[in-house]
Amino acid sequence: MARTRSSSSILLRYFNPAYYLKRPTRLALLFIAFVFVSFIVWDRQTLVREHEEEILMLKEEVEHLQIELEELKHEGGVSVEKTNTRRKRVDIAKTDSISTDPIEAQRREKVKDAMLHAWTSYEKYAWGRDELQPQSKNGVDSFGGLGATLIDSLDTLYIMGLDEQFQRAKEWVENSLDFNKSYDASVFETTIRVVGGLLSAYDLSGDNVFLEKAKDIADRLLPAWNTPSGIPYNFINLVHGNAHNPGWTGGDSILADSGTEQLEFIALTQRTGDPKYQEKVENVILVLNKTFPADGLLPIYINPHRGTTSHSTITFGAMGDSFYEYLLKVWIQGNKTEVVKHYREMWETSMEGLLSLVRKTAPSSFTYISEKIGNSLIDKMDELACFAPGMIALGSSGYGPDDSTKFLQLAEELAFTCYNFYQSTTTKLAGENYFFHSGQDMTVGTSWNILRPETVESLFYLWRLTGNKTYQEWGWNIFQAFEKNSRVESGYVGLKDVNTGVKDNMMQSFFLAETLKYLYLLFSPPSVISLDEWVFNTEAHPLKIVPRFAPGEERKPRIR
């Protein structure tokens, strides 16, 4: 019987060269197939290799650009090289896509709804005016007609993802904002609201129109620093450049008004490459540092001719507050480098002085910061001073372990007192200031509430820095009190009296710039305006942190 070939023997013949020598057509096909496969393999390997090289080059370019952005060369201590802060849209608004606590998300939306109500009312009744009067449904120009509420609200709209509203506001800035007004503007208010608001909008959106407008108004403010000492006059005419101080100060400049322009003007120099802005404001600190007292506490009046302080109140409240805030924040803005170290040193000296003003009430042991005239303490604390718990908490990490714990605890105690400013009234909204008497804890002094942000600002910082949700609960209670007592048909109003609840007729621009922004961030993930990347000015406008270096300081190579 004949045997059939096995399948294995049939397959083996295809590996025998003699098979193809007898069949030239198949040999040619095999050769073509070999060349084709070889080309495909080679091409794939080449593409992979080129792709890997391209990725490596892109990574190196990104790293290079990051270094270029973060490290500036300086000449004479002032940056003259423009920082490339123009960027694509900062994607911070889409917080809904971030996994968060559902209660936080719900509360954040409620705050956003409040912002929409306030903004829509402003847009309807006061578009382009400085502030809205909700009861009478009309706008007023409290700051010379510079569109204060609109500019103050730009970054809040952006952060909350209200894109259409932001675009309409941007178009107004581009087409209608005009600073050529014969108006005596407050250098302080115009800097923190207008310059700060425009720079923040620029840092967030990268749109150059905001930077150009910031330069325009800053140039109009600069002559205020042309004094014998360099301490600025606090008011200036925006057209003629005539600067002066108010009569009620006796010709003196005010501490907070003179020492709260550093963040904005340094940022302007970093973004334009023009050193004149930074030079003017840093000279103020150099002048004050020459006679800086051992306790770091300065009276609120400064002579602009001599550059020395006058006999007046020492306070962390009105007219003193933000000077101390900016000592810390300029250090943070410069990324805590050696060139800004003296700001931190001055701030720490002032914090030792602050400790000498700290007192406790009886019987409830509320911690508060008293005021001082000469050697006498006054048992009074402004709600404005409720920024201090947040400032102290923010600066506590710069200390060693023991002092860090001590100052963070002080911040938490002061925040508890500020929260009780709200809880102690009928409406659960705080008065303007409080007095402390033995056996009585606290009593409200000036009893109005004008929608101020300082307490919720401190709650925001303490929540970010400790993770303690108690501060979110306190903030939510304050927000609900605003909703109950201050919300009206056409916006939000303050109260003439926090116990009777009688309403006033003004929606302050800082309610949109600060109060609602801090409340929104209180219920947002910490990555939204990260404190590692941004520093807030005293009007809650976030500015990008940019490292500063001494003249000629060499960059240290990064070790991969």
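In case you wondered, yes, glycine gets a Cβ from its N, Cα and C as well.
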Inset, instruction - Have a look at 48-75, 160-187, 356-383 and point to the one annotated coiled coil in TrEMBL. - result: 48-75
Legend entry - Under 8 Å by Cβ from C418 (disulfide bond), same chain, sequence gap 6 or more: E383, C386, P389, A430, E454, T455, S458
Inset, instruction - Round to the nearest Å and give the CA-to-CA distance linking E189 (active site, proton donor) with E432 (active site, proton donor). - result: 19
Legend entry - Among E189, D321, E432, the most crowded of the active-site residues [Cβ within 10 Å]: D321
Legend entry - Integer Cα-Cα distance in angstrom, T538 (Ca(2+) binding site) to D321 (active site): 10
Legend entry - Per-region confidence, the coiled coil (48-75) (mean pLDDT, whole number): 52
Legend entry - Number of other Cβ atoms within 10 Å of the Cβ of T538 (Ca(2+) binding site) across all protein chains: 25
